[in-house]
Amino acid sequence: MRVRKRKGAEEHLENNPHYVISNPEEAKGRWHEIFGNNNPIHIEVGSGKGAFITGMAEQNPDINYIGIDIQLSVLSYALDKVLDSGAKNIKLLLVDGSSLSNYFDTGEVDLMYLNFSDPWPKKKHEKRRLTYKTFLDTYKDILPEQGEIHFKTDNRGLFEYSLASFSQYGMTLKQVWLDLHASDYQQNIMTEYERKFSNKGQVIYRVEARF
């Protein structure tokens, strides 16, 4: 979903280089150096306005988080949340999720999150879905052996498609939630969309898949 253009968004990002990495190609292979530690690195592709990535960073200070989004205005709102939180273990990237191997070395990312990705419901747009096989090729490259993807959505069609895509790729479905909020899963951090959809009574689906 597109967000209305935010005045001053570009300047906002430029004025916060500690959090927003302006030349991510130069960071490839150097992420631990950039964070200043050897803690695990988790990324969220399509981080939206930052509720999830910020909440995770606050909950897990010994993990480094990178929020990735292609929309300038959206990322500027995520930066607001990061600044408000004061978390030191977050970086933000304004890049396309299809080109992750340009920014991360092989095995450099320990775990990745896909939350409420665009379902692209039309068959002709299948290749744009973030769980399509060519995206999985990229994810596998930047994750370690047996690296994991944690995926959440409210869209049943996309969820079923993604389960099939993961399985056909040879991935292991570690755990599947058909109604996350009705489960006893305690570690959930909600995204903005998740809270909105949940308040409307929509079921939230989740899966942890391992290469």
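Including glycine, each Cβ sits where the backbone N, Cα and C put it.
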Same-site residue for S-adenosyl-L-methionine (record: Swiss-Prot; known: ASP69, ASP96, ASP118; options: GLU44, GLU145, GLU148): GLU44
Binding-site residues (GLU44, ASP154), the one with most neighbouring Cβ atoms at 10 Å: GLU44
THR191 (substrate binding site): tally of other CB atoms within 10 A of its CB: 23
Tally of residues which DSSP labels helix, strand or coil - the region 'Interaction with RNA' (124-129): 5 helix, 0 strand, 1 coil
Integer average pLDDT (0 to 100) for the region 'Interaction with RNA' (124-129): 96
Number of other Cβ atoms within 10 Å of the Cβ of GLU192 (substrate binding site) across all protein chains: 18
